[in-house]
Amino acid sequence: MSTTADKIAVLGAGSWGTALASLLARHGHPTVLWGRDAAMVEAIDQRHENPRYLPGIPLPDSLRATTDLASAVEGAAWILVVTPSHAFGETVRALAPLRPAGAGVAWATKGFEPGSGRFLHEVAREVLGEDVPLAVVTGPSFAKEVTQGLPTAITVHGDVPEFAQTVAEAMHGPAFRAYTGDDMVGAELGGAMKNVLAVATGVADGMQLGLNARAGLITRGLNEMLRLAAAIGAKPETLMGLAGLGDLVLTCTGDLSRNRRLGLALGRGQTLQDAVREIGQVVESVQTADEVMRQARRHGIDLPISDRVRAVLHGEQTPEEGLRALLAREQKPEYPDTLFK
């Protein structure tokens with residue numbers, strides 16, 4: 001297949017996929033957004049609005065949308081996957097035989113592969129082969145604010161520096177700063193764990209435990225990120241940057257976060273089912289909490305906050321019981337001596 005100058009295919013027409021497709025189109029790149037919902041795709045393509053996920057926010061006239069995956073990726077210079085983590089593997093497998101020769105694949109999906117707990121770059125590499133450039137787009141970014149043109153900073157980590165740079169340059173603009181790195185493991189870990197930790201801070205705020213508790217949970221949550229990162233060979237500086245600390249702070253404090261809103265609802269006494277129904281979109285933490293703890297057990301790392309979130313989400317503990325379990329833990333040094341060595 002031929003490759004059109006810099007056509008970009010974005011797979012996934014949810015809020016984040018639509019926001020990134022809109023950003024790329026506004027930056028002058030021929031951009032096609034693929035989605036499964038025919039009515040929503042038609043609204044994006046013809047009326048330039050995503051009425052379900054980003055109602056009332058105009059999208060660029062140049063942004064095209066389709067339900068035909070082959071048409072979406074044909075001639076693309078590179079492809080950006082922005083689906084929920086549970087649909088990531090399925091989407092990449094459908095993409096594999098259609099991908100134009102030489103087209104790299106990036107994703108802005110956050111989470112692990114359900115069931116196996118594998119990192120998404122491991123899934124992509126297995127499906128796409130060894131020669132396809134890969135990159136992950138992550139960092140503190142709410143879709144609504146990006147489509148409104150509010151200042152945002154993200155980071156792109158890839159296994160081929162030139163491809164990560166290509167993705168970053170396409171996204172970089174007056175109100176959108178895109179940095180680059182080469183630590184895909186750390187970038188993916190931060191993007192997944194922050195969703196689980198946002199539930200914890202949401203629960204605390206829902207229970208009206210105060211700002212001290214919120215700050216403590218965010219900081220000790222970062223500690224959990226750093227310890228698991230060290231165990232799996234990620235770079236600590238990745239977790240101290242946009243992919244870790246930045247995304248953690250945003251998701252734990254901003255009410256646009258679905259995971260924080262889930263925690264708020266649980267802290268106020270709602271059931272998980274009612275809270276998820278009320279939010280009306282995929283809440284990644286419900287699944288990711290299991291996969292985070294699978295990684296922790298695999299590497300022998302104690303993650304008390306993440307584990308309490310998992311227990312609450314599974315109905316094994318109430319939020320009050322989870323809080324008591326955390327507060328009953330023994331006194332210890334703030335950081336292990338070996339963490340930054």
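The first residue you see is number 1, and the count goes up from there.
The backbone N, Cα and C atoms fix where each Cβ goes, glycine too.
Taken from Swiss-Prot as is:
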type	residues	note
BINDING	Ser15, Trp16, Arg36, Lys110, Ala143, Arg258, Val282, Glu284	NADPH binding site
BINDING	Lys110, Gly139, Ser141, Lys194, Asp247, Ser257, Arg258, Asn259	sn-glycerol 3-phosphate binding site
ACT_SITE	Lys194	active site, proton acceptor
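Taken residue by residue with DSSP, Glu284 (NADPH binding site) is part of neither helix nor strand, so it is coil. Note: Lys194 (sn-glycerol 3-phosphate binding site) has non-local neighbours Lys110, Gly221, Met225, Gly244, Asp247, Leu248, Thr251, Cys252, i.e. same-chain residues 6+ apart with C-beta under 8 A of its own C-beta.
Of the listed binding-site residues Arg36, Lys110, Arg258, the Cβ environment within 10 Å is emptiest of other Cβ atoms at Arg36. Asn259 (sn-glycerol 3-phosphate binding site) and Ser15 (NADPH binding site) are 15 Å apart (CA-CA, integer value). Sequence-distant neighbours of Trp16 (NADPH binding site) (same chain, 6+ apart, CB under 8 A from its CB) are Val82, Ala108, Ser141, Ala143.
The number of other Cβ atoms within 10 Å of the Cβ belonging to Val282 (NADPH binding site), over all protein chains shown, comes to 16. In sequence order, Pro84, Ser85, Lys110, Gly111, Ala192, Asn195, Arg258, Asn259 make up the list of same-chain residues 6 or more apart from Glu284 (NADPH binding site) whose Cβ falls under 8 Å from its Cβ.
A C-beta separation below 8 Å, combined with a sequence spacing of at least six in one chain, links Ser257 (sn-glycerol 3-phosphate binding site) to Phe142, Ala198, Gly202, Leu250, Thr251. Largest CA to CA distance in the NADPH binding set (Ser15, Trp16, Arg36, Lys110, Ala143, Arg258, Val282, Glu284): 22 Å, whole number. Here Gly139 (sn-glycerol 3-phosphate binding site) comes close to Thr152, Ala153, Ile154, Thr155, Leu242, Ala243, Gly246, Asp247: these same-chain residues lie at least six apart in sequence, with C-beta atoms under 8 angstroms from its C-beta.
For Ser141 (sn-glycerol 3-phosphate binding site), the Cβ neighbour count at a 10 Å cut-off comes to 22, with all displayed protein chains included.
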